[in-house]
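Trainee: Quick one: structure below, then a few questions.
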Amino acid sequence: MDIDGEDVSRRIHVKFVTKLEPPFKAPVSSIAIPSDVTRLGLSSIVNELLKHANPEWESEPFDFLIDGELIRMSLEEFLRAKGISAERTLEIEYIRAVTPRKEEEPSLHDDWVSAVNGSSSRFILTGCYDSLGRVWSSAGSCSHILEGHAGAISSVALVNSNDARSVTVATASKDRTLRLFKLDPAESVDSSTRVRAYKILRGHKASVQSVSAQKSGNMVCSSSWDCTINLWDTNESTSEGESVTVKKRKGNNKAEESQSEGEAVTTFVGHTQCVSSVVWPEHDVIYSSSWDHSVRRWDVETGKDSLNLFCGKALNTVDVGGEGSALVAAAGSDPILRVWDPRKPGTSAPVFQFSSHTSWISAIKWHKSSWFHLLSASYDGKIMLWDLRTAWPLSVIDTHTDKVLSADWWKGDSVVSGGADSNLRISSGIAIS
């Protein structure tokens, strides 16, 4: 079979293969294609093959791999760069392109959306500069408003959702406190239910920048401009060192509501500037990033740091994931996303660097079910989707009209993001294979 192209001076024989299930399987036979064809041209060819086999087929964007590496230049340039001979029939694997296929209507807030969390498939959490947290069941549908903070919310986290009805949510704020809330996301109401915290966590001496929960939900950790990381119990009962206050509350047939105040169980000290982000990927390990240019790994039991990674730039965000959930990604004041593999002994240099953003990177997040995929958000107004198998972004989401302050994956096939345009955006239909 021969596929026509503008330049017929050189043609390459290829065979398209895929691990995708029908109807995405094209006939496996050798065809000749122009050597200067790009990824978009390859996608058009595969769509032609699929449409020939199924007249009802609707075009779908595809990505392509040769020997496990994504093609991001013309086929001829790729083969030359990798030293691959074009004299034999090339086997090219195609996968569904990692790009949004739908953009939901924006969910407008009253101020900057500084935090988003998509950990639950049932709802999205947001934190806003208007000092309120919100729970969204879908685009434009706010089911709960989390109230009580006296300053902008900088971070939100899902603490526990073991109970089919009740979930626990944590918020961190520039008012130097964290708050814990319990709510029922399935609650059917005509308007947003206002929820007050069951526990207020006090102890930081400056704005709280980030909060992350232990997988068991028994504890949360927080980081602050006071250069420390604090660990807190999430239980409702009060213990030694905690005091109880009773707040009067009117409406919804509730005359009064108790709130406990918790103190930090322990404090990790070591960073010398603002601790911008924390994640708690394993029971006994916490990672942090800081404006002191470092990423640190902390032993929860001893409170000591067992790993220091330095990059020479102030860092805003850190996340752990990828192969074996062992890769550390961090980014900040320069537009470079860096990825380290701490399993490699004797090296502190990143194993990957991505540099397509043009301003500070505000958020990064690994995809939970992929070794290769992660996202980044930036003050340049863009969210980029990355694959470790190529240095170029797979897709650029530019639906925000101002800085993107936060972003996360949701339901495995969507990206949720918040920005200085006061919007929550949902980009869906992203195929991760």
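Note: Cβ is positioned from N, Cα and C throughout, glycine not excepted.
So TrEMBL says this about it:
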- 12-79: domain 'NLE' (DOMAIN)
- 238-263: region 'Disordered' (REGION)
- 201-242: repeat 'WD' (REPEAT)
- 268-308: repeat 'WD' (REPEAT)
- 354-396: repeat 'WD' (REPEAT)
Trainee: With DSSP as the yardstick, break the repeat 'WD' (268-308) down into helix, strand and coil residue counts.
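Mentor: Output for the repeat 'WD' (268-308) reads 0 helix, 26 strand, 15 coil.
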Trainee: Quick one: do the repeat 'WD' (268-308) and the repeat 'WD' (201-242) have at least 3 Cβ pairs under 8 Å, skipping pairs fewer than 6 apart in sequence?
Mentor: yes
Trainee: Quick one: average pLDDT across the repeat 'WD' (268-308), no decimals.
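Mentor: Mean pLDDT for the repeat 'WD' (268-308): 97.
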Trainee: List the helix, strand and coil residue totals of the domain 'NLE' (12-79) as derived from DSSP.
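Mentor: Here the numbers are 20 helix, 17 strand, 31 coil.
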